[in-house]
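J.: Attaching a single structure in structure tokens format; questions to follow.
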Amino acid sequence: MAPAAGPRTGKHAKPPRSKTLKRKRGQDELSSLIQRVEDLDLKETFKSFSDLPLSEPTASGLASSHYKTLTDIQSRAISHALKGRDVLGAAKTGSGKTLAFLVPVLENLYRKQWAEHDGLGALILSPTRELAIQIFEVLRKIGRYHTFSAGLVIGGKSLKEEQERLGRMNILVCTPGRMLQHLDQTALFDTYNLQMLVLDEADRILDLGFQQTVDAIIGHLPKERQTLLFSATQTKKVSDLARLSLQDPEYVAVHETASSATPSKLQQHYVITPLPQKLDILWSFIRSNLKSKTMVFLSSGKQVRFVYESFRHLQPGIPLMHLHGRQKQGGRLDIVTRFSQSKHCVLFSTDVAARGLDFPAVDWVIQLDCPEDADTYIHRVGRTARYEREGRAVLFLDPSEEEGMLKRLEQKKVPIEKINIKANKQQSIKDQLQNMCFKDPELKYLGQKAFISYVKSVYIQKDKEIFKLKELKLDEFAASLGLPGAPRIKFIKGDDTKQRKNAPRAAAHLLSDDDDSDEEDGEKKSKKKEEPQVRTKYDRMFERRNQDVLAEHYSKLINDDGTMVAPNAGAGADADEDDDFLSVKRRFDAGDKDLGSSSDEDDESEKGDKKDVKVVHIDGSTPLVIDSKRREKLLKSKKKLLKFKGKGTKLVYDDEGNPHELYELEDEEQFKARGDAKDQQAKFLAEEVERTRMADMEDKEIAKQKRREKKEKRKARERELLAEAEEEETLVQLPPYEGDQDVDGGFSASEDEAPRPSKKPKVKFTEANDREEAEPWYKKSKKPSDKAANAPPQVQTLEDLESLATGLLG
């Protein structure tokens, strides 16, 4: 029988009431903690984490991570968040906002005794993947002694693996896009019990870029929750706060009364740089600061790739990296890690690295392109001068951007000074870029995309007081990128649309074959807006317009006021009159003298009735005159348009990278400047004689070398033949037996004195195929003939000789 169940006895037995006492002690500590939080005075100033009512796991995690002193934003925001109030936190970059919301998240869930089966308790949204990873790493450090399960949900990872684990998470750090994907697709993931919602860089998340995504996420969340919003440039819009269902939020802005919105130890400067000189000045700056850590911000990923690839080919003498949103998540994380660990490096980046990321010891922040607003500028320069450290920032401004941008920065309390670039320090890389684009088509393609993306980024900006596209020198900017010409951009049309719309009918018909009149153009545009995306063949049939001779003839018959032009009436005749609708142009009687002839007036009228001629200017010197349908078809054939285009010019580059034409001819003045014609002739002849003599010496040396090689080959062949002949002579052959034996049956003295071969003779073997070919096609008899029996044996080796001697002696 099995032993009776009973209490454990022995050395390792626990006291019977140990678990009960431990549970009671934990409940007492929890009750004491809740009471301390309720008694917390919000007006009190806290200087260290030990002054706050924190749980033992949180306090131990902060101490292990060496967090002791509170910053201003942490001192004021944590106390309000511990009370369960909604908080809007605003502070300068690098002031410790991450801990200001992570500590309340851990404490509030701990006081509610949150467990794995309770579901998701806190959701932390971040605008970028890199910032989400950074928040998650800090959460792991300070929450190492808690029993909560935390997860990181960002794009670029396996969705299936995240779905399997998502239902067991208590705290999630995520980006909006991937979070919405899980809310829509993951069946076991539910947020009905959510307690806290945190938005880091809240103004960016609530911006238009994430508007639909964030609205959809909020629709899945319960309204009864605590919400924390933190950013260096906090939003106060009523619409944004209403979307989040905030309840009496506490606005905590510790630096609102400060004289500057940026860190005090940050030195900020700007440089007036024309657009075509930006890359030259950036290259000169990098070459002058090889022992520093620099971040360079550009407006688009295409620009980042082009500047990185071109500077990488030029080899400035410092490691280069690039970061943009089109890279895969593994590569982005690797670049962020490498840049954080580097001491001397340059990182070209878009605004994906402008918010929240903590890169240690960044010396310079360069903004090559003007930021879209003052808030973006503040976040960019916030990558340096963090945690009371020093830093420097430089902003590149085009002359057209200076006035508007300085006004916006002044409104945000950003102190900035103007500096000038020393001319002797500036280096031009225009020729090198042109040479690289000429040799590398991929780099040229990147340059074209970089140009287009920059122009588009300027075009879509809202603040037209800063961004004035028409004042930018785009052709010179394209040349500074190494491009042969400025790429064509579709959306840059200027005032051509308005001019075409207000032009008369005939002029509009000549300018474009697609736009026939003002009214028809307006009707066509309205139809395009109203028509559905899917159009049947019947829709196309009814919308088809006559684009042949009748349409052109009709446009000539119609005046601008909508009246018909009759042959015998003035321009004021009504188009609806039946008498003028059909009329005979001219009548000839039989035998009339004028039959078959035309007067000068008729010729003039026919010339006036002819279609107006269009002239198309192509790149060449000869314009294309379009006076018929056949000539108009030439525009569709590239091969036939070649004769109207000028001949191309080919450029060659010297060793220094300077471009030259393939054939460069001197003019008369340059020829005379070099001296007298006879002197130049004598000099030319002397140079040619010397060049011919040197070439002759080279030819003789080559011929001599060839003769020497030929002689060596011949001698080597002779040596091979001589060696083969010596091997054949070493074969041993004996004369036939003549019975010259002595009485004892041995060999004669002459045989004994015969010289032995100097070396073992070479045995030659024949291939099986050779033996088969040597045999005749008929079978030989197995019985040996008498002649073959009496023939002396063939001796080839020393063994054969010994066997022969044994036979003779025996």
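Cβ atoms here come from the backbone N, Cα and C positions, even for glycine.
Okay, these came from Swiss-Prot:
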type: BINDING; residues: A91, K92, T93, G94, S95, G96, K97, T98; note: ATP binding site
type: COMPBIAS; residues: 9-25; note: compositional bias 'Basic residues'
type: COMPBIAS; residues: 522-542; note: compositional bias 'Basic and acidic residues'
type: COMPBIAS; residues: 690-704; note: compositional bias 'Basic and acidic residues'
type: COMPBIAS; residues: 705-714; note: compositional bias 'Basic residues'
type: COMPBIAS; residues: 764-786; note: compositional bias 'Basic and acidic residues'
type: DOMAIN; residues: 78-252; note: domain 'Helicase ATP-binding'
type: DOMAIN; residues: 278-437; note: domain 'Helicase C-terminal'
type: REGION; residues: 1-28; note: region 'Disordered'
type: REGION; residues: 494-542; note: region 'Disordered'
type: REGION; residues: 590-615; note: region 'Disordered'
type: REGION; residues: 690-810; note: region 'Disordered'
type: MOTIF; residues: 47-75; note: motif 'Q motif'
type: MOTIF; residues: 200-203; note: motif 'DEAD box'
J.: Cβ distance under 8 Å to T93 (ATP binding site), same chain, sequence separation 6 or more: which residues?
T.: A232, T262, P263, I378, H379, V381, G382, R383, R386
J.: When a 10 Å sphere is centred on the Cβ of T98 (ATP binding site), how many other Cβ atoms does it contain?
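T.: Here the count is 21.
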J.: May I ask you to report the DSSP-based helix, strand or coil state of K92 (ATP binding site)?
T.: coil
J.: Apart from A91, K92, T93, G94, S95, G96, K97, T98, which residues in this chain have a Cβ no more than 8 Å from the mean position of the Cβ atoms of those residues at the ATP site?
T.: T71, I73, A232
J.: To see if you understand the setup: which same-chain residues, six or more apart in sequence, place their Cβ under 8 Å from that of A91 (ATP binding site)?
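T.: Spatial neighbours, sequence-distant, of A91 (ATP binding site): T71, D72, I73, K97, F230, A232, A253, V254, H255.
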J.: By DSSP, what is the split of the compositional bias 'Basic and acidic residues' (690-704) into helix, strand and coil residues?
T.: 15 helix, 0 strand, 0 coil
J.: On average, what pLDDT score does this prediction assign to the motif 'Q motif' (47-75)?
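T.: Mean pLDDT across the motif 'Q motif' (47-75) comes out at 93.
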J.: For T98 (ATP binding site), just give me the three-state DSSP call.
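T.: T98 (ATP binding site) sits in a helix per DSSP.
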